[in-house]
Each structure stands twice: as structure tokens, then as C-alpha cells.
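Peer 1: I grabbed these lines from TrEMBL:
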- 200: active site, schiff-base intermediate with substrate (ACT_SITE)
- 252: active site, schiff-base intermediate with substrate (ACT_SITE)
- 210, 221: 5-aminolevulinate 1 binding site (BINDING)
- 237: Mg(2+) binding site (BINDING)
- 281, 320: 5-aminolevulinate 2 binding site (BINDING)
Ligand code: PBG
């Protein structure tokens, strides 16, 4: 060798073989940490593909049950359900109709899988309103926080009665977790938990979701969802939700907010509250589109994405790849 100084410390020693790399790996990714979000469409007919989310469909009630059984079989422990109603109106009445599609779907999945999966319901009005907002509007057309809370309270009671194990308030109304907790307790559903969408940002990456739920949103959600420039505020929202009784707090989206996820995980960890992250529709679509073009290698890209979200502090991840990723991890 020439006169270079030969290194004494060699981190590469711990990368020499797969066994060595496994031995020192810091982050575990397991099927039990993955939650599958699913869409279910009202009315008869076959499942409808969502073009901006290749591989994801609006389920029929039958295909939903089948997909839930497959999710349980694959080792997942939870599913999150979204309803796509046939008719929408100003107050989102389908959301609180016990025979509305989301509530029927919750009961269907519980009947199918029993307690093999934690069945979660998205608790928000945007899938059900004709204006597409997450709440009801006041006379001036603004989203009315406190009138919306009354709708969420009713939605929580109906989802719990249908058998939901966790409800997921995702509308970013102030005080929503406290109101949902009180509504559940008041109806004897003390054991139904709250997965709070706590730090939820106004994001361009929700694009494909709008197709997934046939959203008719005009304008945007910036008066209630958070501004991408704010990280401290995400921690504040999570701490408020914990005070209000959230059992699990969530950060959403995941990839463009891994710093927020880390900070929320640290803060929630201090008080022992588990943290979830939502790997959302646009994040899914980006990987699928690039992979379909042959620009990236799909399976490693999926696993790297999910590993990064775990590494940033998520105890669990909502991801449209959940069932498939569980198979990769076998
Ligand atoms: C609100 C809700 C949204 C998503 C989950 N719950 C849409 C929004 O807030 O605009 C987005 C999920 C995704 O993009 O994958 N009901």
C-alpha cells in the first residue's frame, strides 16, 4: 500500500453479510405494524378500480369482506374503512345513517374476521358531503367547527354500534377528540378507542384519494388542515389530542413529514402514547407510477418507504401496500 493512513475504525465490518446486517439492524418492519385502508362503495356491482391508485379499488361489500379476510390471513392486525356513498348532501347524512355504507361495512368486516383485526372507521364527513368539506358549512360557506363536532359525536356512536374497535377522527376540527370520547363514553362504548389524525397537513399528495372517494371538493382544506411550513404546530396538535383522550396519535402524510413524525413520536413517547403514520394515496401513486415506468424497483422501494416511516418513529403504518408488504416480509 502507498502512504495513505489505513483506517482503524471500519463501519463496513458490520455490513459484510446478510446475517451481519440483520444482527445489527435498528429498525424492524413487521406485518403486525401495517394497517390496510380500504374503500367500499355503496350499491350493487363489481369492485371499481381507482385509476390513480393502480391495484386499489372501491370495494363492493362482498369484495371488502374477502379483502379483509386476506388481510387477516397475511398477518395484519387492522384495517381502516372509508365509505363511498351513492348520494351526498350538505350535512353528510350518510355518515350517521346506521344503514349507510361505511357503517354497514364496519359490521360486515367484524362479522367476517371477528377480533382477528382491529376494525377502524374513518370519522370524517368529506366522503359524505356534496360540497366535499370535512365538516358542515355555516351561512357564509365556512366550515363550522362546533356544528361539525355534533355530527362527529353522532358518527362516533354509530360506528361504535356497528362494531368499530377504533374510530379515526380525521377532520381536523378543534376539540374533536374530546367530543368523540364523550360521545362514546356516553353511549356505553368506553372500550372503543380513538386513533386521532392529529398532525394532518393540507397536502397535494391527497390527490388520488379524491378520486378514490368520488370527492366533489371545491377549494381546499387550508382553514382546518395544517400548513406544511409548521412542525412545532404538529407536536402541539398531538399533545392536545392526547390531553383530550386520544389513544393513538397519527401524522399524515408520512413521507414529506418524517421530521414531524419524529418530533411527535418523541413527544408522545414521553407519555407512552403510540404513534401511527399514514402513507397516503399520492405517496403510493408516486412509487407505483415510477415502478410502472421501470424507473425504480417496486418491491425494494415499497419496503424502503415503510422502513423509513418506522425509523422516523411510527409504531404502525397505514398503507395501501399493507397486505402485499406483509407477504414480502414473510
Ligand atoms: C379525510 C381523509 C382524507 C384522507 C384520509 N382521510 C382526505 C383529506 O383529508 O383530504 C387521505 C388519505 C389518502 O390520501 O390516502 N376523510
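Positions of Cβ are set from backbone N, Cα and C atoms, glycine also.
As the structure is a computational prediction, the values presented were derived from the model and not from experiment.
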Peer 1: Could you state the CA-to-CA distance between residue 210 (5-aminolevulinate 1 binding site) and residue 281 (5-aminolevulinate 2 binding site) to the nearest Å?
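Peer 2: Per the Cα atoms, residue 210 (5-aminolevulinate 1 binding site) and residue 281 (5-aminolevulinate 2 binding site) stand 9 Å apart.
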Peer 1: Round to a whole number and give the Cα-to-Cα distance in Å for the pair residue 200 (active site, schiff-base intermediate with substrate) and residue 281 (5-aminolevulinate 2 binding site).
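Peer 2: So the Cα of residue 281 (5-aminolevulinate 2 binding site) lies 14 Å away from that of residue 200 (active site, schiff-base intermediate with substrate).
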Peer 1: If H, G and I count as helix, E and B as strand, and all else as coil, what does DSSP give for residue 200 (active site, schiff-base intermediate with substrate)?
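Peer 2: For residue 200 (active site, schiff-base intermediate with substrate) - judged by DSSP and reduced to three states - the answer is strand.
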Peer 1: By a simple count, how many Cβ atoms lie within 10 Å of the Cβ of residue 221 (5-aminolevulinate 1 binding site), its own Cβ left out?
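Peer 2: If we count other Cβ atoms within 10 Å of residue 221 (5-aminolevulinate 1 binding site), we arrive at 21.
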Peer 1: Can you list which of the recorded positions 210, 237, 252, 281, 320 have their Cβ under 6 Å from some atom of ligand 1?
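Peer 2: Only 281 qualify.
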Peer 1: Are there any residues in the same chain, six or more apart in sequence, whose C-beta is under 8 angstroms from the C-beta of residue 252 (active site, schiff-base intermediate with substrate), and if so which?
Peer 2: 170, 197, 199, 200, 201, 277, 278, 280
Peer 1: Which has the fewest other Cβ atoms within 10 Å: 200, 210, 237, 281, 320, the recorded positions listed?
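Peer 2: Least crowded of the recorded positions 200, 210, 237, 281, 320, by Cβ count within 10 Å, is 210.
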